[in-house]
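Step one of this worksheet: look at the structure below.
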């Protein structure tokens, strides 16, 4: 199970790039600033957070702890951190809502080949009291994952399929749509879903616009790396965009997500919030993303590490550690609020040419600037 969470597509170059490129940025400390009181609270689509962090959508969490997504959501809610429920979760939206009432909750989904299913997923999220839909758009095909092949982990073998297919297709609507439901062979249901419903390589902007137009909930578009795509998403009605490359789990030669963030933020130009996902391993990483234009940050793999080690308590401990790291970093750069981080000076390490990029608010300064 560790390798499934830790691994990625192909030879995992994107997984490594995401973290390494975040590590390459440096924040320039400021001194003699009053940072006796630091406020990490922020507003996101759906409500307020005590810190600009949300748990990223990750499926099959029962593989790591019996409490699965409900336990993870509860741990995050205790700290005022948001939660995004994966389409491939073990727990239903109702179970997560019951475990963490009052929490900012988003429901992740993909555009499938059946518009009825897309609308049903939105309906279920709304009925369970979720605040927004997160539509992931960066998965036209299923990637090859060499590590999984090497350790014989198969998403659709009987044991793993039992972890997610009942939660996904438990309603009569899904049974009718798929035309197949076998308690004794959940892997058959899971495989049919993949073969006939998802992924949808033919989906386009019209499909996304149709979903947004029919949804009573705001729709956040996740998986955007190109500024033109970000602008197009805003144009069809997205409530926010998430800069993400799926954590490197699907595309092996993607740009690092952090490298795409500044251009996407510039293209959106404040029209909607911009969130960041992929590669965040610490509160300092989160601070760098916020300084480069993100309004909040989604945290993925570290949550699973905490869940696997000590269940919901492990998730809470990890998120507490990350929040402390964010607060400490804010203090060092003189940022008393999350919005103050936008004024922080961010440098990337010298490349082969010796050039250094300096970001100071919206000002780009020469390498010699201080």
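Each position is counted from 1, following the chain as shown.
Cβ coordinates come from backbone N, Cα and C, glycine included.
Annotation source TrEMBL lists active site, proton acceptor at 246. Counting every protein chain shown, the Cβ of residue 246 (active site, proton acceptor) has 24 other Cβ atoms within 10 Å.
The glyoxylate binding site feature in TrEMBL is assigned to 4, 110, 145, 246. In the three-state DSSP reading, residue 246 (active site, proton acceptor) counts as helix.
What TrEMBL records for 57-59, 86, 108, 136, 222, 244, 277-281, 300-301 is FMN binding site. The Cβ neighbour count for residue 279 (FMN binding site), using a 10 Å radius and every protein chain shown, is 26.
Per TrEMBL, the feature domain 'FMN hydroxy acid dehydrogenase' maps to 1-351.
Under the heading region 'Disordered', TrEMBL lists 345-370.
Using Cα positions, the member of the binding-site residues 59, 222, 277 nearest to residue 110 (glyoxylate binding site) is identified as 222. In this structure, the C-alpha atom of residue 277 (FMN binding site) lies 8 angstrom from that of residue 246 (active site, proton acceptor). In sequence order, the binding-site residues near residue 246 (active site, proton acceptor) (Cα within 10 Å of its Cα) are 222, drawn from 59, 108, 222, 281, 301.
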